[in-house]
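*Asks:* Okay, these came from Swiss-Prot:
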{"type": "BINDING", "residues": "Gln11, Glu69, Ser138, Gly142, Thr143, Gly144, Asn204, Asn226", "note": "GTP binding site"}
{"type": "BINDING", "residues": "Glu69", "note": "Mg(2+) binding site"}
{"type": "COMPBIAS", "residues": "429-447", "note": "compositional bias 'Acidic residues'"}
{"type": "REGION", "residues": "424-447", "note": "region 'Disordered'"}
Amino acid sequence: MREIVHVQAGQCGNQIGSKFWEVISDEHGIDPTGSYHGDSDLQLERINCYFNEATGGRYVPRAILMDLEPGTMDSVRAGPFGQLFRPDNFVFGQTGAGNNWAKGHYTEGAELIDSVLDVVRKEAESCDALQGFQLTHSMGGGTGAGMGTLLISKVREEYPDRVMSTYSVIPSPKVSDTVVEPYNATLSVHQLVENADQCFTLDNEALYDICFRTLKLTTPTYGDLNHLVSAAICGTTCSLRFPGQLNCDLRKLAVNMVPFPRLHFFMIGFAPLTSRGSQQYRALTVPELTQQCFDSKNMMCAADPRHGRYLTCAVMFRGRMSTKEVDEQMLNVVNKNSSYFVEWIPNNVKASICDIPPKGLKMSTTFVGNTTAIQEVWKRVAEQFTSMFRRKAFLHWYTGEGMDEMEFTEAESNMNDLVSEYQQYQDATAEEEGEFDEDEELDDAMG
């Protein structure tokens, strides 16, 4: 079986992760004690993707929970599905990273990382055919950002040929959780660009907007936001877990979605987003779903896809539907909005269909898009970074942990390069192939 080992790091990662396990367990009919109470063999057919079967028929998640302070772990353990996880897979320190990337990456995190890697090895060894790893974390904190990226680079060394995908919560434009977010996020991107295969970006503000506007929740909590996120994560992995007419796995996704190795930051969307009360009153059709999932209001990341162009995108449908209809809709979207898709990648929309819909819905779609509009996010973070770094504000917290200013400068220029790469491909047309190659050769000669 094609297994995925799931790692959750830091407070944000653990909260998203534990919500994700609630949704996954529910889809597979696993109760909080790990026993199966489902109603269909399909739930068990590929359950190995995320679960290990232990003695007595208990199902245990292939999850590793790590943090530099015990607080979040305790609340996960006390949560509804806390008894599901293997007790040895909780790895935590006592000191906390205090929102300091350097603590997570170089000092506190580096002391804990070996015990995390031991657990990762143990989980990887119990797999038949390990497909890859997924990490949930935030980019603005200390543990998820600093130690999460440290773990990625260590895992990459040890399992170079496995897919590494991350679900990264990026800092929001208006709502800031910590002042040093721009530093932590820029240092994280610096790592993710090199060491991850695909990053699904999420941000709280876009999630709040969805809760307010679409779901009509007046006071959304983090629980509501995480529920949205877990719906999307489950959508990206449904083909691995259930049979379908047209399957899609992490590797296929990476191959189809990443035209250039550095440009692997995706936006995700989910449809149908309806408020909990009005769900059962309307059935959605494939055209409606398609239209909704391409809608910028459904994106879980505060960048507007209309401000850029799609390099590639993938749409995963769930439920019983005709493949012909799906193909027609995909074609329709591209033809109607051709200006939003780069013309030098023909057929850049990939569709996959999984027969089993999520709990409580007849059909749903998950959208993953690699759009140049995501540069808006990086631009915003880079501006905030520069305005603080110019004054060397808060730097002493990082240099005190042994970091060098040079590393900040490198991360900053890497971020700016990323933005200009996105811009370059956004402006590119199919005609200018010749000019492109010359530029590249010049760059190589100069670099």
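Every residue, even glycine, has its Cβ placed from backbone N, Cα and C.
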*Asks:* Using DSSP, would you call Ser138 (GTP binding site) helix, strand or coil?
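*Replies:* It is in a strand.
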*Asks:* Could you list the residues of the same chain, at least six apart in sequence, whose Cβ is under 8 A from the Cβ of Asn226 (GTP binding site)?
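*Replies:* Once residues fewer than 6 apart are set aside, Asn226 (GTP binding site) is near Gln15, Ile16, Lys19, Phe20.
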*Asks:* If one looks at the chain holding Gly142 (GTP binding site), which residues at least 6 apart in sequence have a CB under 8 angstroms from its CB?
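*Replies:* Listed in sequence order, they are Gly10, Leu68, Gly96, Ala97, Gly98, Asn99, Asn100, Trp101, Lys103, Gly104, Asn184.
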*Asks:* Kindly assign Gln11 (GTP binding site) to one of the three DSSP-derived states: helix, strand or coil.
*Replies:* helix
*Asks:* Quick one: give me the count of other CB atoms within 10 A of the CB of Asn204 (GTP binding site).
*Replies:* 24
